[in-house]
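What TrEMBL annotates here:
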type     : residues : note
DOMAIN   : 23-521   : domain 'K+ potassium transporter integral membrane'
TRANSMEM : 60-81    : transmembrane segment
TRANSMEM : 154-176  : transmembrane segment
TRANSMEM : 196-215  : transmembrane segment
TRANSMEM : 222-244  : transmembrane segment
TRANSMEM : 269-289  : transmembrane segment
TRANSMEM : 301-324  : transmembrane segment
TRANSMEM : 344-364  : transmembrane segment
TRANSMEM : 396-416  : transmembrane segment
TRANSMEM : 428-447  : transmembrane segment
TRANSMEM : 454-476  : transmembrane segment
TRANSMEM : 482-499  : transmembrane segment
DOMAIN   : 534-776  : domain 'K+ potassium transporter C-terminal'
Amino acid sequence: MDLEGAIPASPIKKESWKTVLSLAYQSLGVVYGDLSTSPLYVYKSAFAEDIQHSDTNEEIFGVLSFVFWTLTLMPLLKYVFIVLKADDNGEGGTFALYSLLCRHARVCSLPNCQLADEELSEYKKDGMASNNNRSFWGSSLKSTLEKHKILQRLLLVLALIGTCMVIGDGVLTPAISVFSAVSGLELSMSKEQHRYVEVPAACAILIFLFALQHYGTHRVGFLFAPVVITWLLCISAIGVYNIFYWNPKVYQALSPFYMYKFLKKTQKGGWMSLGGILLCITGSEAMFADLGHFSQLSIKIAFTFVVYPSLILAYMGQAAYLSKHHILETDYRIGFYVSVPEKIRWPVLVIAIFAAVVGSQAIITGTFSIIKQCSALGCFPRVKIIHTSSKMHGQIYIPEINWTLMLLCLAVTVGFRDTKRMGNASGLAVITVMLVTTCLMSLVIVLCWHKSVFLAILFIFFFGSIEALYFSASLIKFLEGAWVPIALALIFSAIMYVWHYGTLKKYEFDVQNKVSINWLLALGPTLGIVRVRGIGLIHTELVSGIPAIFSHFVTNLPAFHQVVVFLCIKSVPVPHVSPKERFLVGRVGPKEYRLYRCIARYGYRDVHKDDLDFEKDLICSIAEFIRSERPECSIPILDSENDERMTVIGTSSSNLEGIRMHEDGDVDSSEIVGTSERRVAKSPEKVRKRVRFIVPESSQIDNGVKEELRELMEAREAGMAFILGHSYVRAKKGSSLIKKIVINLGYDFLRRNSRGPTYVLSIPHASTLEVGMVYQV
């Protein structure tokens, strides 16, 4: 199913208020499930440290003050009013910021970038300015990044660390959310009974959650928003009740003075408790990461008018209750449920479990999405990506990642068995992602928004200092659970960097060993061999030149196909590529050689076609190139290396005025290209699958073009053969020990266990030919 048209909504000003409010309603279920369940464990985690409680309530009011100002400054001020504006053509997240920087400073991590990619409409849509609009500091920073490879690698590593921490959050969030929701059972049973029920119940819910992933969230997605809204109404109503019933003066704690009094009185214990307070903003990054599914305005409305007030009321209500029960240590240990009136505890427990599942679902789906982005940008091994919905863009399922997350999640739940250590681990992952976002945003302010460098320094100083305070409080608990996200980040970062490094070296080898065009010209139109009917599709990463695999074929095989296409499927640093700009098509050598180059371009959020539609679009794009190969009819883009002229061609569905291809199984054997009304030269010798091109009525084509189109049509009828290189990558002699380990062990292991190109999965084995090649990198 072609989902290429499912691009995010148009700019906000074109959306009706009905659409905006509908998106805001939907975002409550997808974006805010994790953030809305944080009251389940914040106070429990904050008071887990050895803090001495007094009758003055300074500790309780101090924690509430920290929670209020953290929610106000981080999600509300930083994300809602600043970070959400740094979208990449409607997309958000760590890699969206990195993609923006790649385009503005030419620090792209993809090896096969072309100048032609900068002509894409989405490449320019974000308002890229000329050098004249940049300040002196902005121009200096841009040139410094472009000159120094080490800075480009550091920028990539920074983006990878943020990405890996998001993946780590995908392990920790389901564990702590479900475990905290289930902990309410402790109020209705003895401690001995609870010990044997809590962990198995949490594990059973987690297994059920991950087992349902392959069905896709679209089947039950309509329930997400009602569940979260019910939960938010529930906690805010309980909060209002507790405020008026227990302590109406709790509003005084909103003064920042109580933060000072809290730290002054509790000192080291209070500083360490910041790691627990930090959990009140768990899930804030989802506002930015899930931006592509909604719009800025809808996410802002949902948070500002629904989520933010509900959370503030919930935390104030808990503080009001605890201010009158601070002598009972069990109240701190059990956390949220003790502040719930006894008559409604069971219904609240059920709603909490559903809300925890919804919140966990959101982060799992987000993890799938970010893995897909990393894979598209060459920073993660290719994995099997299943699109679970033909109507909803971005609904994907990755089996390998799903079961890995489930095993890690169960290991954390069984291994820790308490909210304190899970909170320590989750807190470090959350604050690290925020620190990375702050660092990347400071660069975006200067390079992309062309603002003053002093504004960027002010941004990173203000928010960075707050996040650094929380980061230090989380890092100090390394041995008490915070080592988990660090370990996960190191493992995933190593996988990503090894894959990226190996892919880059492999591409460099291809570039250095590509065949000269003079060698091709010396062979003549027949290439020195017999040309048989059919299309030979050679998959290559090269965007210019002749790959070494082709010379290997020509010199070792007695025959080759009459039409040869060098196919490159590449990703570009934009979220989406318009179907009208999907293909770059050109010739390799003179016309009579019948050699073509076709580059299929996809954004990092695009859905790749993996069925017969891709073949159809490919053939139609070549046919349209042949028909319109005149200066006045095409947009030629010069390739500096081989003087190849590439023309932008859209998919057959997007180019209504171009050539279309029709295939059927009961048409006569040979037919010249014609219009939809005219058919010429039929020969009823043989009945088989037939192909014909339908040319627009207004099109005037000469005999040479008609003959070339006839050959392409006959070649398509004869069938397509896919030639793939089966690479064996080895470190060359004289390489360092580290490089040998990375290439010979790490990259080789990942390559052997990763998937091939997406479209290859649907190709019959009989049509595929693999050729082994050794890469000495």
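Numbers run from 1 along the shown chain.
Glycine is no exception: its Cβ is also placed from the backbone N, Cα and C atoms.
Per-residue confidence over the domain 'K+ potassium transporter C-terminal' (534-776) averages 75 (mean pLDDT, predicted model). Among the listed stretches 60-81, 196-215, 222-244, 269-289, 301-324, the one sharing the most Cβ pairs under 8 Å with the transmembrane segment (396-416) is 196-215. Same-chain residues lying 6 or more positions outside the transmembrane segment (428-447) and placing a CB less than 8 Å from one of its CB atoms are 74, 78, 82-83, 86, 94, 97-98, 100-101, 104-105, 135, 137-138, 141-142, 155, 158-159, 161-162, 165-166, 168-169, 172, 275, 278-279, 281-282, 284-285, 288, 453, 455-457, 459-460, 463-464, 467-468, 470-471, 474-475, 477, 482, 485-486, 489. Of the Cβ pairs linking the transmembrane segment (154-176) with the transmembrane segment (269-289) and spaced 6 or more residues apart, 3 or more are under 8 Å, so the two regions touch.
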